[in-house]
Amino acid sequence: MAWFKRVKPSIRPTDKRDMPEGLWWKCEECGAMLHKKQFEDHFFTCAECGHHFRISPYKYFSILFDDDKYVEFDDHLRSADPLGFVDTKKYPDRVHDTIEKSGKTEACRNAHGESGGRPLVVSAMDFGFIGGSMGSVVGEKIARAVDKSLELDAPLLVISQSGGARMMEGAFSLMQMAKTAARLTRLSERKLPFVSLMTDPTMGGISASFAMLGDINISEPKALIGFAGPRVIRDTIKRDLPEGFQRAEFLLEQGFLDRVIHRRDLKNELVTLFSMLKV
């Protein structure tokens, strides 16, 4: 039995309102809560610690091209199933399900436009599509991006974001390493710059082929870059790895990279570079 009777009602809770989806983001590195506008204003990086989130090719296009104006090309290409590959599901079913779930058509997108008033061709990979893995379509798109650069007499920027070759296509996937590397020689013959931007992650057959062949090799901060992952290497050699091993800053110290560039400075750095090269 209660001894006291509440005379006045307590504070009445207001109607619960649903928070718009995607209004807040949590930093994967430091745990800070980031408001959507703040997140976008900082080019999808953490305002507290500078962590770079993975972003889609379209967001890179918006950052790089003047007034967000560009022309996408070769988006009609789709993966075939040359091996009839099956693991937990058939390869065509996996591709179809990924397209349905993500709304993306492949792990690479090509576009051309102007950056700083100068023509530029960009081929950007997407980790959100089967880990950004390189199969026949990705290799063909990068090769066609080279052809577009030759056609427009414009420099080429390739943005890598991939776990490596696409195992479901076997040797057809590995062939893309040689194919892309060979096609890039045409840019050298025409004296057109090829800039390779490595983002997190750039691994496996990507790092072992076109990603490391740039006239200028640059990276976003703390990007994981290598062939086998650090855990695999550690378990194989049974030794601890150096601090920061396979991270962008470590590779810069070892001479594998020319610059590590924050995403907010990417466009200005590229515009300055291309103006110095007069292309």
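From the backbone N, Cα and C atoms, a Cβ is placed for every residue, glycine too.
Marked as domain 'CoA carboxyltransferase N-terminal' by Swiss-Prot: 23-279.
The Zn(2+) binding site annotation in Swiss-Prot covers CYS27, CYS30, CYS46, CYS49, and the record cites sequence analysis as its basis. Around the Cβ of CYS30 (Zn(2+) binding site), a 10 Å sphere holds 11 further Cβ atoms from the protein chains shown.
Using a Cβ-Cβ cut-off under 8 Å and counting only residues 6 or more beyond its ends in the same chain, the zinc finger (27-49) has close neighbours at 55, 59, 63, 262-264. Summarising the annotation, Swiss-Prot assigns zinc finger to 27-49.
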Here the binding-site residues are CYS27, CYS46; which one has the lowest number of other Cβ atoms no more than 10 Å from its Cβ?
CYS27
Determine which residues of the same chain, besides CYS27, CYS30, CYS46, CYS49, have their CB within 8 A of the center of the CB atoms at the recorded Zn(2+) site, and list them by sequence.
GLU28, GLU29, GLY31, ALA32, LEU34, ALA47, GLU48, GLY50, HIS51
I'd like the Cβ neighbour count for CYS49 (Zn(2+) binding site), meaning other Cβ atoms within 10 Å of its Cβ, all protein chains included.
13
For the zinc finger (27-49), what is the mean per-residue pLDDT, to the nearest integer?
93
